[in-house]
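Q: Sharing the features that Swiss-Prot gives for it:
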BINDING   11, 59, 87, 93, 104, 114  ATP binding site
ACT_SITE  117  active site, pros-phosphohistidine intermediate
């Protein structure tokens, strides 16, 4: 198994409820290292650019408004099979379908306010990391 990096967002519903530390602990307990992290307030333009792949979907506007409603925490996670491991720790997109002990099962409010985002493939991880971090900010 190879050491990988993946991208994670702790979303507004979770930061608003002060869950950042508990969510970060779940990543670390799963063997993922946080090699970059920052709390930011997205602008509408940034949210629209980041989620541009969804621009034609009916939920795009609502998603962007949600993502600018409160600060978010963007992170780069590193570890063996980090992308798969992160997705396992997050749980299913719909918290009703998420396994016990996962972030979404424990903390998500709904399918829309599901507390976290994680990259789904090496290519998207690289793009998403580069959107928020310079190489100098990645320490590990």
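Easy rule for this one: first residue shown is 1, then count along the chain.
Cβ atoms are placed via backbone N, Cα and C, with glycine included.
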Q: Same-chain residues six or more away whose CB lies under 8 A from the CB of residue 11 (ATP binding site)?
A: 66, 67, 72, 113, 114, 115, 116, 117
Q: Between 93, 114, which of the binding-site residues has its C-beta surrounded by the fewest other C-beta atoms within 10 Å?
A: 93
Q: Non-local Cβ contacts of residue 59 (ATP binding site) (under 8 Å, 6 or more apart, same chain)?
A: 112
Q: State, in Å as a whole number, the widest CA to CA span among the ATP-binding residues 11, 59, 87, 93, 104, 114 given in the record.
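A: Max span of the ATP binding residues, Cα based, is 22 Å.
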Q: Can you see whether DSSP assigns residue 117 (active site, pros-phosphohistidine intermediate) to helix, strand or coil?
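A: DSSP assigns residue 117 (active site, pros-phosphohistidine intermediate) to strand.
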Q: Return the residues near residue 87 (ATP binding site), defined as same-chain residues 6+ apart in sequence whose C-beta is under 8 angstroms from its C-beta, sorted by sequence, else 'none'.
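A: Correct list: 118, 120.
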